[in-house]
Ligand code: BGC
């Protein structure tokens, strides 16, 4: 039986219930999952820019950096260095498939506990790594943690939060990711001067949110949906009363029971997902993730310090610049929280495409004109690059960042929602892996062309959003099929099977009649 994802946004029915202390504690603890993920996105680029780290694990890269006639674009091009970043995402990809099963079978709470345990092991291995092998094995453990947490935490949040704050909470997961990235950037900047083990502090601090999640998840409740889904009906009702802080929870309880009944009839959600009528939300979920990654955001998030060193900043200035981009990322995510239900999803996505396209072209243009194979950019140019990176990150953070997750969570019908969402998570991990593994080599071979490469993707995703992405603002999740998909000029053809068959039959008969 698939796990049940309760509607995240839209006109969700109002049930009795206050935002109890219990709910707040649960939400804060679960948000640690977002911090765990974000911290790891931010930390790898920072330590990669630290000489002590390179000297210890990637000596050739450090040596190449020291050469007077170093090649600006290629000094970090090293497969193992990229594997350090990317290995996490390949493990997360595998874990996210397993996690959708453990979430259904054992619940969200043990899945989160498992995530934090993998994460703590990963932190210990990376912090005390004595060689590359230990470092990479540590990253793989972190990846398993991220994969389990990324499936369980959003599910946990959407099921536990009172209906009226569900939409905002969905985006707050993204907000915690960005805060995690920012904290990593700040820590990297602060410990960069501590020789020779500053990088170990950076890697070790990743254990804080994992430890909080681990301890916290011992204290939290399993979600009522998960309990009812696993036939612990009375316990489910009792937990619902406790977390809502009221005695009358009948309506919400009935709606959860109904949702679980519907879901239990679908014994093979993945099979159902492959059916023709599931194609529109499935394509949108996967494509949103592919496009999200091919904006080039993680080239910036992972490698900003390296990139800023490439354009001529010293190690310190490069780490400081990453703090600034990290801050822009957090603040701009708030813009999304405020605007997403007012101006709609499409307006934000389209505006951001224009903004991101222009900034990628300007960065590419400056590098093409002024950053030769050796030598630095003039300082004015380097400043413009940092500003453009900030404008780019702002555009991403109020659009494709949060909406890449929000849209797949609100467009599947209940029966395929969890299975469909796990496709979104794994597509994200796969594309993140590709970018992490390829970016530094692409930078070396394509030089400034890499920014035009991302700009070209942005044009494609803009056209996609313009013509193929329906607006879902304010549409109740359970009316998505009738009000959105069946009305859309392109996607409606996936729902008219009977009419289409009739039409085809008439067309086949007609020639004989003439
Ligand atoms: C993406 C991450 C990215 C982050 C940046 C998320 O939505 O999935 O890959 O690093 O946004 O804030």
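Numbering starts at 1 and runs along the chain as displayed.
Placement of Cβ uses the backbone N, Cα and C atoms for every residue, glycine included.
Annotation comment: TrEMBL describes 26-473 as domain 'Major facilitator superfamily (MFS) profile'.
Within the chain carrying the transmembrane segment (19-39), a Cβ under 8 angstroms from the stretch's Cβ atoms is held by residues 112, 115-116, 119, 145-146, 149-150, 152-153, 156-157, 160-162, 165, 169, 172-184, 205-206, 209-210, 212-213, 216-217, 219-221, 242-245, all 6 or more beyond its ends. What TrEMBL lists as transmembrane segment is 19-39 (among others).
Summarising the annotation, TrEMBL assigns transmembrane segment to 81-99 (among others). Here the transmembrane segment (81-99) has long-range neighbours at 40, 44-45, 48, 57-58, 61, 111, 115, 118, 132, 135-136, 139-148, 150-152, 302, 422, 425-426, 429-430, 432-433, 436-441, meaning same-chain residues at least 6 beyond its ends whose C-beta is under 8 angstroms from one of its own.
Here the transmembrane segment (111-130) has long-range neighbours at 30, 33, 36, 57, 95, 99, 102-103, 137-149, 151-153, 156, 200, 203-204, 206-207, 210-211, 213-214, 217-218, meaning same-chain residues at least 6 beyond its ends whose C-beta is under 8 angstroms from one of its own. If you look up TrEMBL, you'll see 111-130 (among others) marked as transmembrane segment.
If you look up TrEMBL, you'll see 136-157 (among others) marked as transmembrane segment.
Positions annotated as transmembrane segment by TrEMBL: 169-191 (among others).
TrEMBL lists 197-220 (among others) with the feature transmembrane segment.
The feature transmembrane segment is assigned by TrEMBL to 282-306 (among others). If one looks beyond the transmembrane segment (282-306) by at least 6 residues along the same chain, the residues whose Cβ comes under 8 Å of a Cβ in the stretch are 41-42, 44-46, 48-49, 76, 85, 181, 188, 273, 315, 318-319, 321-322, 325, 329, 356, 360, 389, 392-393, 396, 400-401, 403-404, 407-408, 411-412, 420-421, 423-424, 427-428, 431-432, 434-436, 439-440, 443, 450-451, 454, 457-458, 460-461, 464, 468-469.
The transmembrane segment annotation in TrEMBL covers 318-340 (among others).
If you look up TrEMBL, you'll see 347-367 (among others) marked as transmembrane segment. Within the same chain, residues 295-296, 311, 336, 339-340, 377, 381, 384-385, 388-389, 391-392, 394-396, 398-400, 403, 447-452, 454-455, 458-459, 461-462, 465-466, 469 sit at least 6 positions outside the transmembrane segment (347-367) and bring their C-beta atoms closer than 8 Å to a C-beta of that stretch.
Taken from TrEMBL, the feature transmembrane segment covers 382-407 (among others). Only residues 6 or more beyond the boundaries of the transmembrane segment (382-407), in the same chain, are considered here, and those with a CB under 8 A from a CB of the stretch are 8-9, 154, 167, 170-171, 173-174, 178, 284-285, 288-289, 291-292, 295, 297, 300, 304, 307-308, 311-313, 321, 324-325, 328-333, 335-337, 339-340, 345, 348-349, 351-353, 355-356, 359-360, 362-363, 366-367, 376, 424, 428, 461, 469, 472.
The transmembrane segment annotation in TrEMBL covers 419-443 (among others). Same-chain residues lying 6 or more positions outside the transmembrane segment (419-443) and placing a CB less than 8 Å from one of its CB atoms are 2, 5, 73-74, 76-79, 81-83, 85-86, 89-90, 92-93, 96-97, 99-100, 147, 150-151, 154, 269-270, 272-273, 278, 281-282, 285-286, 288-290, 292-294, 296, 298-299, 302-303, 306-307, 310, 404-405, 408-409, 412, 450, 453.
Per TrEMBL, the feature transmembrane segment maps to 449-469 (among others). Residues 284, 287, 291, 294-296, 299, 345-346, 349-350, 353-354, 356-357, 360-361, 363-364, 367-368, 400, 407, 439, 442-443, 490-491 of the same chain lie 6 or more positions beyond the ends of the transmembrane segment (449-469) yet place their CB under 8 Å from a CB of it.
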What same-chain residues lie close to the transmembrane segment (136-157): Cβ under 8 Å, and 6 or more beyond its ends?
-> 3, 5, 26-27, 30-31, 33-34, 36-37, 40, 83-85, 87-96, 98-100, 102-103, 108-109, 111-112, 114-127, 129, 169-170, 172-173, 206, 210, 213, 223, 405, 409, 418, 421-422, 425, 429
